[in-house]
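S.K.: Pulled the feature table from Swiss-Prot, pasting it below:
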BINDING   Lys79, Asp82, Asp84, Asp87, Asp88  Ca(2+) binding site
DISULFID  Cys6-Cys120  disulfide bond
DISULFID  Cys28-Cys111  disulfide bond
DISULFID  Cys61-Cys77  disulfide bond
DISULFID  Cys73-Cys91  disulfide bond
DOMAIN    1-123  domain 'C-type lysozyme'
Amino acid sequence: KQFTKCKLSDELKDMNGHGGITLAEWICIIFHMSGYDTETVVSNNGNREYGLFQINNKIWCRDNENLQSRNICDISCDKFLDDDLTDDKMCAKKILDKEGIDYWLAHKPLCSEKLEQWQCEKW
């Protein structure tokens, strides 16, 4: 599913403030990682990253490509490609709690300041 900034902000509002990260930061990260598209899969050095949050099949989820995954989120990676963001958010929060926000490489260079553009005007 291709989200818009405002629709995604609505879906992710319960993540605002989790681990000290604002909703605008999440929206910015997701834009740069997946373009707000839930069906994004990126192959990288033999690993794959899935969905809005680009969650990795080596550590966080399991797929047919990497049966040795640590699968910390205890989930099949393809669950991150559907329209239901409940499991995506759960795993992203787990990643944030364990690894910190810089797990998402877009954060530091692109999403740590000037965040007004990532806010939905409705609020």
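Glycine is treated like the rest: Cβ placed from N, Cα and C.
Predicted, not measured: the structure shown is a model, and the values here were computed from it.
A description of the local structural setting of each listed feature is requested, covering burial, neighbours and distances.
M.R.: Within the same chain, residues at least six positions away from Asp88 (Ca(2+) binding site) with a Cβ under 8 Å of its Cβ are Thr38, Gly51, Leu52, Phe53, Ile55, Lys79, Phe80. In this structure, Asp88 (Ca(2+) binding site) is part of a helix by DSSP.
Neighbour count (other Cβ atoms within 10 Å of the Cβ, all protein chains): 14 for Cys6 (disulfide bond).
Sequence-distant neighbours of Cys28 (disulfide bond): residues of the same chain at least 6 apart with a C-beta under 8 Å from its C-beta are Ala106, His107, Leu110, Cys111, Leu115, Trp118.
DSSP classifies Cys61 (disulfide bond) as coil under the three-state reduction.
Around the Cβ of Cys73 (disulfide bond), 23 further Cβ atoms fall within 10 Å across all displayed protein chains.
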S.K.: In the structure shown, with every protein chain counted, which of the disulfide-bonded residues Cys61, Cys91, Cys111, Cys120 has the densest set of Cβ atoms within 10 angstroms of its Cβ?
M.R.: Cys61
S.K.: Hey, what's the Cβ neighbour count for Asp87 (Ca(2+) binding site) at 10 Å?
M.R.: 18
S.K.: Can you tell me which recorded positions out of Cys6, Cys61, Asp82, Asp84, Cys120 are within 10 A of Cys91 (disulfide bond) by Cα, answering none if there aren't any?
M.R.: Cys61
S.K.: So what sits near Cys77 (disulfide bond) in its own chain, CB-to-CB under 8 Å and at least six residues off in sequence?
M.R.: Arg48, Tyr50, Ile55, Asn57, Cys61, Arg62, Asp63
S.K.: Any idea what the Cα distance is from Cys73 (disulfide bond) over to Asp82 (Ca(2+) binding site), rounded to a whole Å?
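M.R.: Just about 16 Å between their Cα atoms.
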